[in-house]
Amino acid sequence: MTDYGEEQRNELEALESIYPDSFTVLSENPPSFTITVTSEAGENDETVQTTLKFTYSEKYPDEAPLYEIFSQLNLEDNDVSDILKLLALQAEENLGMVMIFTLVTAVQEKLNEIVDQIKTRREEEKKQKEKEAEEAEKQLFHGTPVTIENFLSWKAKFDAELLEIKKKRMKEEEQAGKNKLSGRQLFETDHNLDTSDIQFLEDAGNNVEVDESLFQEMDDLELEDDEDDPDYNPADPESDLTD
């Protein structure tokens, strides 16, 4: 007859010596404990971790132990689901033998695999980003290939915009023509123009001084009057040339 209690106690002693830093007893009846499993460090010293909780059933190891994910670090929901499936498979395959070490070892390998997957996924994401950046750069330098369809579409839009600009300019010129005054209108509305030229000369210091004495001396000049000439004939231009 199998002594389940003794087998369980022997396994507990072995587990405590194998995992001195991660083995913790939660209760003695029924025997319940946790073992923390950590993956190897990844490329950037990243790790994933889970704490497994085991509870012996009355007839363990002929019956599978109870197990659960007590806590976890950096694991996705699908990772947790995969670990639980792995534990179920390993427990089924190892019935009749003490199996905790085997279960923990399987989970350890799974965590290392998850870290490798994270590394691979990040490398793929990096390559994808580099590819997208390269495609964007090519698009920037090469632009959109010209086809008949997109050229006609662009030309129609360009012509419409050009027409709007012309209409706006014509409207502005028409409005400016209505508001523009003629020279006479400017003169009539702005009385400052009456004296603008005089004011300009005064401002420039160009006052014109007239010497009136020059005109007074003109009376003393002896000017010959053609009418005093007895031979002057207004009808004959050559009459004053006979002298």
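All residue numbers here begin at 1 and follow the chain in the order shown.
A Cβ is built for glycine as well, from the same backbone N, Cα and C atoms used for every other residue.
Those TrEMBL annotations? Automatic predictions, nothing curated.
Since this is a predicted model, take the numbers as computed values, not measurements.
Quick look at what TrEMBL annotates:
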COILED    108-180  coiled coil
COMPBIAS  209-243  compositional bias 'Acidic residues'
DOMAIN    10-114  domain 'RWD'
REGION    198-243  region 'Disordered'
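Assigned with DSSP, the residues of the domain 'RWD' (10-114) fall into helix, strand and coil as follows: 41 helix, 29 strand, 35 coil. Here the domain 'RWD' (10-114) returns a mean pLDDT of 94 for the predicted model.
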